[in-house]
Amino acid sequence: MASYGDDGVELTELTLGPPGASARRARRGRKNGHPPPSSSMIQAAYFVKVSMDGTPYLRKVDVAAYGDYLELVEALNDMFYCSTIGLMDGYGEWEHAVVYEDGDGDWMLVGDVPWEMFVSSCKRMRVMRACEARGLSSNA
C-alpha cells in the first residue's frame with residue numbers, strides 16, 4: 001500500500017547510485033522485493049557479425065530475434081539494400097547466398113541445418129556470390 005504525505009502526494013524512496021544501477025537491480029530482481037522474471041519470459045539476444053562481398057562495412061544481427069531462415073534472409077535484404085540474397089535451395093535463382101561459420105570454424109550454407117541448431121552454432125555470417133557458394137552446399 002502506498003503511503004501519502006500531508007499534501008496527498010505519494011511518497012517514494014530515493015536511492016542514489018551510478019547511472020543504470022537501478023536498471024541492473026531491476027534485472028536482478030532485487031528492487032522492491034519482486035522476483036526476477038521467469039526464464040520463459042526472457043529471450044536471450046545472440047548477435048553475430050554479417051559481411052557482404054563488395055561492401056566495406058559489417059552489420060550485426062540478432063539471429064535469435066528471427067523465427068526461421070526466411071525471416072533472416074528478408075532482414076539481410078533490407079539491411080544491405082539488396083533483393084538478390086536468398087537460400088541456396090534452387091540454383092541460378094539468387095545472385096547472393098548466405099553462409100555462416102559454425103563453432104568448429106567450418107563455413108556452411110544457411111538453411112542446411114535445422115533453425116535451432118543454426119542459432120546455437122552461428123559465430124558469424126557472410127553474404128557471398130552464389131556462384132562461389134555452390135561448393136558449400138550439402139546437396140551439390
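Using the three backbone atoms N, Cα and C, a Cβ is placed for every residue, glycine included.
For 24-33, the entry in Swiss-Prot reads compositional bias 'Basic residues'. If you look up Swiss-Prot, you'll see 45-130 marked as domain 'PB1', on the strength of sequence analysis. What Swiss-Prot lists as region 'Disordered' is 1-40. The feature motif 'EAR-like (transcriptional repression)' is assigned by Swiss-Prot to 14-18.
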For the domain 'PB1' (45-130), residues assigned helix / strand / coil by DSSP: 22 helix, 28 strand, 36 coil
Model confidence over the domain 'PB1' (45-130) (mean pLDDT, whole number): 85
